[in-house]
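Engineer: Quick one: the structure is below, questions incoming.
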Amino acid sequence: MAQSITFTFGAVAAAGIALAAGTAAQADTWRYAFEEAMTDVQGVYAQKFKEEIEANSDHEIQLFPYGTLGESADIMEQTQDGILQFVDQSPGFTGSLIPEAQVFFVPYLLPTDQDHLARFFKESKAINDMFKPLYADQGLELLNMFPEGEVAMTTKTPVTTCSDLDEVKFRVMTNPLLVESYKAFGATPTPLPWGEVYGGLQTNVIQGQENPTFFLYSTKIYEVTDYITYAGHNNFTTAVMANKDFYDGLSAEDQQLVQNAALAAYDHTVVYQQQAADTELAKIMEAKPEMQVTVLTDEQRSCFKEAAAEVEAKFIEMTGDSGAAILKQMKADLAATAN
């Protein structure tokens, strides 16, 4: 396995010059950055992608997990600039570039059934057809999107209804629709980069945040919160992209190589993440037995579901006809893949 290179943030610009030297289409070493640790879901996908590329070609993939090359905004910029060939980034961050990608933050749009989700992401016309040109406009070739697991709220006080979030400063990604979601839920949404979240919870700058279960364990967020709440409101989604100039410059054979690797990594990762939620929650409870875990009943979820209509309207207001068309197609795709 190629070793990742760690840069100080002050050296990123200088490092970029060295990295950029290898970005031509003929490069044997391709660079791939993602937002999580090597052992997290994005890391599992990246390692399988690397394995497939290297097993079926002479190319090499160099992996850069979270923090190696900066925050999420940094790795996206480096991919658009051609310094990186591949990037895995959640629509939560790309929403500022591609407003329609915020559709994944419309509450209760995505089902909690993991098998249904896996079929949807693989077969969806909205994802596989309609999103591609939107990403291309930003210099990105969308390879695929995949689910990382049901999102859980972690807080310092119990949450069983929307009123429990009143005056709670709740960390959200820098995503306009996610801000609107937590406003509608009754919280005070507080955008923060991930690197500041643990400390923010520790010092009470914020009192809550959301993420899939595996991430709560791997980042030890359970150490600085006391309650985990599953409201069924969302499933964390991420997207794998290539620099479009790089991808377009590949031979047809190498483009197929990349597509095949992305598909193999998708299938592998979906199975992994379906198991990760249960195993990682068990690890959290072993590490902190006093952690309180609540799965909201349908009655308890009712206020959150009522707020979802307001957020959906905000999404259409933000994105216009393009967003409305994608939302309509996603609903059709979800219905088509339900069984």
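Cβ atoms here come from the backbone N, Cα and C positions, even for glycine.
Pulled the feature table from Swiss-Prot, pasting it below:
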| type | residues | note |
| --- | --- | --- |
| BINDING | Glu36, Arg171, Asn211, Phe215, Phe236 | L-ectoine binding site |
| DISULFID | Cys162-Cys303 | disulfide bond |
| SIGNAL | 1-20 | signal peptide |
Engineer: I need the CA-to-CA distance for Cys162 (disulfide bond) versus Arg171 (L-ectoine binding site), whole Å please.
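Structural biologist: Cα of Cys162 (disulfide bond) to Cα of Arg171 (L-ectoine binding site) measures 16 Å after rounding.
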Engineer: I'm trying to understand the geometry here, so how far is the Cα atom of Asn211 (L-ectoine binding site) from the Cα atom of Cys303 (disulfide bond), in Å to the nearest whole number?
Structural biologist: 20
Engineer: Under a three-state reading of DSSP, tell me whether Cys162 (disulfide bond) is helix, strand or coil.
Structural biologist: helix
Engineer: What span in Å does the L-ectoine site cover, taken as the longest CA to CA distance among Glu36, Arg171, Asn211, Phe215, Phe236?
Structural biologist: 18
Engineer: Pop the Cα-Cα gap between Cys303 (disulfide bond) and Arg171 (L-ectoine binding site) into the table, whole Å please.
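Structural biologist: Cys303 (disulfide bond) has its Cα 20 Å from the Cα of Arg171 (L-ectoine binding site).
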Engineer: What same-chain residues, at least 6 away in sequence, bring their CB to under 8 Å of the CB of Phe215 (L-ectoine binding site)?
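Structural biologist: Within the chain, Phe215 (L-ectoine binding site) has Cβ neighbours under 8 Å at Glu36, Asp40, Glu148, Ile221, Phe236.
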Engineer: Any same-chain residues 6+ apart from Cys303 (disulfide bond) with CB under 8 Å of its CB? Would you list them in sequence order, or say none?
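Structural biologist: Within the chain, Cys303 (disulfide bond) has Cβ neighbours under 8 Å at Thr161, Cys162, Ser163.
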Engineer: Helix, strand or coil: which one is Phe215 (L-ectoine binding site) in, per DSSP?
Structural biologist: helix
